[in-house]
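Participant: Handing you a structure now.
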Amino acid sequence: MAAELTEVTATKCFEGWQKIFSHKSDELKCAMRFGIYLPPQSEKEKVPVLYWLSGLTCTEENFVTKAGAQRYAADHGVAIVTPDTSPRGCNIKGEDDSWDFGTGAGFYLDATQDDWKTNYRMYSYITKEVSYKEQCKLPEVIQANFPVLANKQSILGHSMGGHGALVCFLRNPGKYASVSAFAPICNPSECPWGQKAFSGYLGADRDQWKFQRYDACHLMQDYDGPKVDILIDQGKADNFLTAGQLLPDNLTVVCAKKDVPLKLRMQDGYDHSYYFIASFIGDHIAHHAKYLKAS
Ligand SMILES: N[C@@H](CCC(=O)N[C@@H](CS)C(=O)NCC(=O)O)C(=O)O
C-alpha cells in the first residue's frame, strides 16, 4: 500500500513539476517534509532518482529554490528528492539551542544517546528500503508514490549533507550508482562541527564514533566495494574551509592510500553558499546521469 503523502505545493518548472510533500515518518516519529522534482520524462516512463542532502540550518526548500538544478534534471531526465535535515518539533531539551546541533543539524546519523535516539535517525530515514512498517523510510515512500526506477539511485549533498552523501554511499556498496559533494565535511571526527555532533548524538567516547561508522575518512579506509569515481567541488574562498570544518585534504590522503581516484576540484574564489552550488550543479547532475543511465 502506498504511504500517505500530503502535497504541500506543486509548481511547474522546465516542463516538469517541483513539488513539496509532507508525511508522517515512523522512523523519526514526527511529520517530515521533502521536495521532489519530477522531470517531464516521468510523465511517460519511470526515471532514475537523485537524493540531495542539504547542510546545516537548511530545510527541504533551500536546494529547491536556490540551486537551479531543475533545468539540468529536466535535460537528463532524473528526479531529485530533497529531504529535510533533521526531525522537527520533537520537544527534546536543547533541540533549538544552536544552529549546528539539533534542529536543522541531524548529521545523517542514527543517534545512540538517550535524549536523541528516538527521533534522530536520519541515516535510517534516508537509506533503508526494507521495513516492517509503512511510511517509514524515505526510499520506500518515493518508490511507492512516484514514477522512479527501482535500483537506479545516486546521492549528493552539501557540507553536512556532503558528509551524509559520502557516508550513505560508502556504507552501502552498490546501493547508489554514484556519489558527489559540494564542500563536504570530510572528516567529522576531526573538526569542531563533527565533534560537537558526534559527542551529542553518539556520546563522548571516540572509539564509539569509529564503531558507529559515520566518518567518510574512516569508511574510505575500510572500503572494499565496487570501484568509485567521487566528484567533489570545494570553493577556495569558503570560510568554513579555512576554519578547518571541511578537511578535504584528509580525504585526499586516504583516497591516495587506497588508490581511489578522488576528483577534488578546488574552485577559485567560490565560497560556501548556494551561488557556488548553482555554478557547478550542472556538472554534478551530468556526473550522476552518466552512471544512472549506464545499464
Ligand atoms: N548559520 C551559519 C551558516 C550556516 C550555513 O552556511 N549553512 C549552509 C550549509 S552548511 C547553508 O546551506 N545555508 C542555507 C543557505 O545558504 O540557504 C552562520 O551563520 O555561519
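Heads up, the Cβ atoms here are built off N, Cα and C, so glycines get one too.
In case it's useful when we look at the structure, here is the feature table from TrEMBL:
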ACT_SITE  Ser159  active site, charge relay system
ACT_SITE  Asp238  active site, charge relay system
ACT_SITE  His272  active site, charge relay system
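Mind running through what each feature is packed against?
Facilitator: For Ser159 (active site, charge relay system), the same-chain residues lying six or more positions away in sequence with a CB closer than 8 A to its CB are Gly55, Leu56, Phe182, Ala183, Pro184, Ile185, Phe240, Leu246, His272.
In three-state terms derived from DSSP, Asp238 (active site, charge relay system) belongs to neither a helical nor a strand segment and is classed as coil. There are 22 other CB atoms within 10 A of the CB of Asp238 (active site, charge relay system), with all protein chains counted.
A coil conformation is recorded for His272 (active site, charge relay system) in the three-state DSSP classification, outside any helix or strand.
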